[in-house]
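One structure is given here, and the rest of the page talks about it.
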Amino acid sequence: MSCESEAGVVVCGVLALLLHDPEIDAAPEICEGLSLLQHRGQDACGIVTCGPKGRFYQCKANGMVRDVFDAATVSRLVGSMGVGHVRYPTAGSSAHAEAQPFYVNSPYGIVLAHNGNLINTSSLLHFMDATAHRHINTSSDSELLLNIFADNLQKTGKFRINEDDIFTAIGGLMNQCKGAFACTAMLAGFGIIAFRDPNGIRPIGMASRRTPSGALDYMFASESVVADAGGFTGWQDVRPGEAIIITRSSVSRRVVCKPQTFAPDIFEYVYFARPDSVLDGISVYRSRMAMGDLLAEEVRRVLGEKGLSVDVVIPVPDTSRVAALNLAQRLGLPYREGFVKNRYVGRTFIMPGQQARKKNVRRKLNAMALEFADKNVLLVDDSIVRGTTSKEIVQMAKDVGAKSVIVASCAPPIRHSNVYGIDMPSRVELVAHGRSDTDIAEALGADLVIFQTLPDLLSAVRQFNTEITTFDCSVFTGEYVTGGVDESYLAHLETLRGDNIRQKTVVGDLGALEGKGGGGERPNGVNGINGHAATYQREAGEVSSGAPTNGTDDTVGLYNSWGTKQDAAYMT
């Protein structure tokens, strides 16, 4: 899946930064941090900063970090603390309105960025409507999560809140929300916050940096690589069920819910995370080395049983390189780079739409005939999901003269949907679903396919932190650590999250997108209520609309002037 990366959607990346010096703007460094998390999502990105008097400044849009944030835009994001996000739409549509961070003005002014996916959105939406009386403007569960948090803070009834109030609100949220969530948040004029779901499915951590004056800057991020690049040290993972609140004068930490099974997503180590990151005490790089070593033994066993031989080991760029090199060394086989990658084409895994992914493969990779011609080739990939890209790569190898092509996967067969932030929408779209290894090889056009066993994959990762006894392996086993996922839920999910359906969100339907209602894209570009088109100005933050003010207009909230390139979005 490295180049192949064809599951559909990668998880998001979140970041928050608080600089001790209030005269220094945080936006340039947040922008740099988001570029280091770009591998976690290329669909959209956004930054919200907090400046003097608690004023928020915002810019967010569809596109890559480098395209959305030019120098002029970043210079207008004022304030010494802020929150950033890179996203692919694991839930919700691809509209600009779905880009994060999300903002709500009451109470106190709150901004939130979310990585993960909620599985009980239908009941939460009913609560928002019937009890909390809060309007959800988009079909993103991240906005829903923000409003749950805001509603819990509202219940304090206080003019000014303190850390205890925030911990209580987040504890309530964790009791209400089921699924995966690793979040960064910011309260106007107060500080930055991070919290992680009780199972710790999605990663997030914190680090600090000593300033010349001896004070400390603080950062939250999805991966440790962001802290390393920014000169931050002392990386600590946010514990499952923990919330951390950082102001300029204090750092407060508290586990705010009952202990549950700690089960980080093992796919982070297989594919998602950068190799130079350390997540939950486990080096991603070293875990991939171990995957290669253990996969080598499985390859040796299978080839021996079938009486086959291999001439060369070739990785599918980029993620599988580490494992492929170790595999080749263990088997005593030549390792060659047989594919040259065009680095100016986006990762196919996070390209929305099957046709876009398929068309993109041959523009992305070029097979070097010298490394394939008249050879029995072992292609090593980190995982095989839909199989469409793997099929193209196998065919490319044969087109340049490979005698035979065997595919080895560092991950076991993926036969089940993921409900925690990876869009593997339909089980029938997974090449391994309902197929034997022989059937999968035939579907890929390969002579043989060899999968890592699940016990070996677990061993490869767990050996670096034996305190973690469980990982979320639901895509391999169909066992969901949070509970609450049954066949009817999965069937409903599959009708809503396929490639051909994602762009057809039903607006105002509480059943849409796993029960995430409202605010979806309207047919024919209509953006108002009852078919009335909504319009707005991008100049001085003025918003006008042909629809009622409580309609699902994607300009509601912080004014966002992205697109003019003259104005950073802002609103008090």
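Backbone N, Cα and C define each Cβ position, glycine as well.
TrEMBL labels come from automatic prediction, so no person has curated them.
Other C-beta atoms found within 10 angstroms of the C-beta of CYS12 (active site, nucleophile) number 28, with every protein chain shown included. Among the features that TrEMBL reports, active site, nucleophile is placed at CYS12.
Look at TrEMBL and you will find THR319, ASP381, ASP382 tagged as Mg(2+) binding site.
Among the features that TrEMBL reports, domain 'Glutamine amidotransferase type-2' is placed at 12-249.
Annotated signal peptide per TrEMBL: 1-26, in sequence order.
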| task | Would you count the other CB atoms within 10 A of the CB of ASP381 (Mg(2+) binding site), including those on all shown protein chains? | result | 28
| request: For ASP381 (Mg(2+) binding site) and CYS12 (active site, nucleophile), determine the Cα separation and express it in whole Å. | output: 22
| note | CA pair CYS12 (active site, nucleophile) / ASP382 (Mg(2+) binding site), Å rounded to integer, equals 19
| said: Give me the count of other Cβ atoms within 10 A of the Cβ belonging to THR319 (Mg(2+) binding site). | reply: 29
